[in-house]
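As given in Swiss-Prot:
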type     : residues : note
COMPBIAS : 1-11     : compositional bias 'Low complexity'
CARBOHYD : 25       : N-linked glycosylation site
CARBOHYD : 328      : N-linked glycosylation site
REGION   : 1-60     : region 'Disordered'
TRANSMEM : 65-85    : transmembrane segment
TRANSMEM : 99-119   : transmembrane segment
TRANSMEM : 134-154  : transmembrane segment
TRANSMEM : 167-187  : transmembrane segment
TRANSMEM : 196-216  : transmembrane segment
TRANSMEM : 223-243  : transmembrane segment
TRANSMEM : 293-313  : transmembrane segment
TRANSMEM : 334-354  : transmembrane segment
TRANSMEM : 369-389  : transmembrane segment
TRANSMEM : 425-445  : transmembrane segment
TRANSMEM : 462-482  : transmembrane segment
TRANSMEM : 536-556  : transmembrane segment
């Protein structure tokens, strides 16, 4: 609800539903409540500033057994989705050797990310219309069913279909986990639990390649996917029995369907699919200049522009991604910082294994172990960030601190070379990992602080999308600059045969211990490692630059008081509530 700062009347909201933004610039459709009080000739409200002494006291919400059961179920599903995102990286060669379809293998990985990304805003709107309970249960069930389909596949096409189902389910899980945590806890307390979930996601992503390698080595590849079925089944049952939350129900089924932004969702999904197809082909299947890359990329960006125009038009009654969540300075900046934070951190995590395998001659499994310092220090960083946010209620210092650590850590990576010892490559990872974890759980609260609780589902879905989108572009940009720099430096390799093998986008693919050991001449091997080191330095510098840009953008955010009271119509059902007030 906007407040006219030119008048002498001050509006004091009684509930957090009427949250006004910083600088009173939020022009949303919030409806005034009857409980609002108007105090004439009072001093300007200071509700957006962290000035009250009581604001430093951490909030405490009474938590039932059902609350913790829900958190456990959300943690299990989040762990599985992150594990499944990386587990195929080491298992894929074995899978394709048995199923065939080598020309389609890339979609076993990319299909998962494609549907995971494209359907996130749609799931956010579904949560607004149907409540949180059934969309979450259905997302977890779809992920579990997709895992069963993938595990039981007899050909590559069925495997890809299973991965597409897994992706849709995982996208829903990512969005709804964060939405449900926001429904269960006031804004001041959310960071702590978001930090816990982020930690589990980091553990899953780290263990994925290791689990994939162990499964194909000591068991059979279907268990790469089957392992999700029993655990996912347990999580579904826990959600069914304990995720009892209130729902804003519309009795008429057709009225609910009409509330969906069908045109906007179709435009968004088609645009994202087009962009992601182009990015999956660029630099690997086809050069960036190929029409097979350029055409879908252009169509995707044009479709994205059309989506934005439509969402802001009068024709869109119930937008999937309302533009007012971006027009606010603090939330809009926090979205951008989230994208840059993810892009820079993913670029580093994506290419550290290249350094370990191509430069230090590590095996894939050994490389996974060498990456553990990043994951292990990201986890306490995330927990610390969430805990400090709950205690002090200030997100800007934590964002600045996290991004500063990332800048220093990524800068130190430029010192790595073929002669670096264990202490160096472990130590240099620690600062970047700590900073990545510290900033992550305090980004979503910064988005939500100036917005109303009615915006929770849609702004959370948008934030989750920005994070996933940053992941995709982080890998894409890092790969592009790495390949380009490697091609420029390749003439330094005196053996032209080896040099030609590594150019035109193949340096990343051949960054393995097996390939490096196939180079028998020690001088040539040293030259190749030197080119890898210098090409990787460009990746570290680019990651540093994006983190630096994020650091500067944080100055645009305002430090807004984080709400200590829970004001949502989707809170947990109380035992004495009538059945019609809860989701069936």
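Keep in mind that glycine also has a Cβ here, set from the backbone N, Cα and C atoms.
The transmembrane segment (223-243) is not in contact with the transmembrane segment (334-354), judged by fewer than 3 CB-CB distances under 8 Å for residue pairs 6 or more apart in sequence. With a cut-off of 8 Å between Cβ atoms, the residues of this chain six or more beyond the transmembrane segment (334-354) that come close are 325-326, 364, 367-368, 370-371, 374, 399, 402-403, 406, 410, 413, 429, 432, 436, 439-440, 443-444, 446-447, 462-463, 466-471, 473-475, 477-479, 482, 508, 511, 532, 536, 539-540, 542-544, 546-547, 549-550, 553-554, 557.
With pairs at least 6 apart in sequence, the transmembrane segment (99-119) and the transmembrane segment (196-216) have fewer than 3 Cβ pairs within the 8 Å limit; the two do not touch. Outside the transmembrane segment (425-445), and at least 6 residues removed from its termini, the chain residues within Cβ reach (under 8 Å) are 178, 182, 187, 190-192, 194-195, 198-199, 202, 334, 337-338, 341, 345, 348, 352, 355-356, 360, 370-371, 373-386, 389, 395, 398-399, 401-410, 412-413, 415-416, 460, 463, 547, 562. Residue 328 (N-linked glycosylation site) has a Cβ environment of 25 other Cβ atoms inside 10 Å.
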